[in-house]
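Novice: Relevant sequence annotations retrieved from TrEMBL are reproduced here:
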type: DOMAIN; residues: 49-251; note: domain 'Calcium uniporter protein C-terminal'
type: TRANSMEM; residues: 166-185; note: transmembrane segment
type: TRANSMEM; residues: 197-215; note: transmembrane segment
Amino acid sequence: LPPPEVTINYSHGLPVVTLLLPTRSERCRFTVKPMVTTVGAFLQDVQREDKGIERAEVFATDGSKVSDATLMEVLLMNDFKLVINNTAYNVSPPVKDKLSSEHATEMEDIKSLVHRLFVALHLEDHQVRKERELLQKLDHLKEELLPLEQMKARIRDSADAKTSRLLWVGLALMSTQGGALAWLTWWVYSWDIMEPVTYFITYGSAMAFYAYFVLTKQDYIYPDAKDRQFLHYFYRKSKSQHFNVERYNKLKEDLAEAEESLRRLRQPLHLRLPVQEIRDKD
């Protein structure tokens, strides 16, 4: 049997339409880009190849004419009729699901190559634009944080001073207690009398430390106790000074996140951008 006048095969992932030119009586191959080429552009290519073609149209199987603006990708989804001059050819495109694994692999390779080309051409512009957005965000966050940082520094100094005074008061009270016990032991009473007193003072101290654990769920360790007292003074002073601790912490988290994003973004920028542009950014 003679080969059909119009055949469609896939080569390197692209459909190739092979048809017999009526005037030249020879077969000609037309490679189609289905997502770009329209039916009208394909028919014009056919007419340019054979000047003897006066009429070239495409019809659906139900006899309706296919618009010239229709993409070839849509046309190749179903059977259609190609009319050249007064001759009609029935065309049956291969079903995409039945394409060979080789053709499918070639199409995936082409898509991957197009994606890499797009990234190579547009990634730097996107990174530069993103870096500028991050720099603007950093400036805005630092501007909001500046008055809060100043207020926090004043509150921190005040809380630290109160905590230090409390520690010194505790030392003074312990020294006074030790001196009083020594005076009572050697000058007023004897050790036989003061021994039960010191025992109950020691037992009372142990009860106080245990009560601290019950209330705070923490051991009474001097650095931790100092930090806890500092936070107590800090939050009490913050409330009286109308310092929003939650808003300050949120701004600090946003600032750290923006700085980390900028650091990660600038690493590929220093590898790709011109030296002069990098210096301008720094």
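Just so it is clear, glycine is given a Cβ too, placed from its N, Cα and C backbone atoms.
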Novice: Across the whole of the domain 'Calcium uniporter protein C-terminal' (49-251), what does the mean pLDDT come to? Round it, please.
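Specialist: Value for the domain 'Calcium uniporter protein C-terminal' (49-251), mean pLDDT as a whole number: 80.
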Novice: May I ask for the residues of the chain that lie six or more residues beyond the transmembrane segment (197-215) and have a Cβ under 8 Å from a Cβ within it?
Specialist: 177, 181, 184, 225
